[in-house]
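Presented below is the structure to which this report refers.
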Amino acid sequence: MPLPPALLARLQKRGIVKQPEAPPADPEEEIIAESYDDDHFDEKPDISRVNESDDRPRSGAPGCPNKWNPYHICVNFCYEHWEDGTPENRLSDDYMSRRARMLRLYPLPEGWKEVYDPGCARHYYWCPKSDDVSWLSPRHPRAIISESGAALSRILKAKKENWNGIEEISRKRKHSDDLDEDDGSDDDNDSGDSDEEEEPEPVERELTDREKLKRAKRRGIDPMDPAAYGDDVPVGGWSSGMEEHDRKTGADTTAGGALFQSRPYPSPGDIMRRNAR
């Protein structure tokens, strides 16, 4: 049974009980700090990775399902995510039977070949001589023969019409870098011009109905008053919206019939004076 802590401390102080030896200290671990200098981010790109990207097929990633889109350019994500796509042996039996029936009814013309696209998981038909493609047999009545997506993509790329925003982003980054360099060198020259330039006026955000109702409560406006929700509507009173002659006479224009003719309501004082006569 262990001794109480207070008694154990007294015995150790008198030397009756030996103090336990302290465990040996662990050897100190050497900590190496990583450098976060700017030079660390300005490293040159790996040449092996560049050469690897150059060896990739010009038609795009094999398993990418967006190769048919001429405005799509395969990037590293397409190669890493889609990989090789869907193998041909995993196609459904229904699709294979419909494909065989179409080829039996509409056989391919001379010079056309059947090619499997693992990205779209279906076959298309290609003419190597004209580089035309079609999703159906060229003899099918609904076949649409056109240039391949890779050919159209190269044409649009030459016109700089399909860059997936990559060129726009790089241009913006380059423009921002140029502005940062100009800010550091031409601060004195641009100080006078910056004062003369007019600052753009801030765009006011439109308030929601809930925010307008809270504003009306702060101003003491009745929530049923249209001025609570409209900015250009004046605050109304009990007679707002009444016709001009109704406001002066107080006649009940809603009353009808022989007994309820439109007449002003008499005041209580008029009734008492008439009764006194």
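Keep in mind that glycine also has a Cβ here, set from the backbone N, Cα and C atoms.
Features of the protein shown, as given by TrEMBL:
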- 26-40: compositional bias 'Acidic residues' (COMPBIAS)
- 41-58: compositional bias 'Basic and acidic residues' (COMPBIAS)
- 178-201: compositional bias 'Acidic residues' (COMPBIAS)
- 202-212: compositional bias 'Basic and acidic residues' (COMPBIAS)
- 106-140: domain 'WW' (DOMAIN)
- 14-62: region 'Disordered' (REGION)
- 170-277: region 'Disordered' (REGION)
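With a threshold of 8 Å between CB atoms, the same-chain residues lying at least 6 positions outside the domain 'WW' (106-140) that come near it are 61-68, 82, 84-88, 91, 95, 99, 146-149, 151.
Mean pLDDT, taken over the domain 'WW' (106-140), works out to 91 on the 0 to 100 scale. Under DSSP, residues within the domain 'WW' (106-140) fall into helix, strand and coil as 0 helix, 14 strand, 21 coil.
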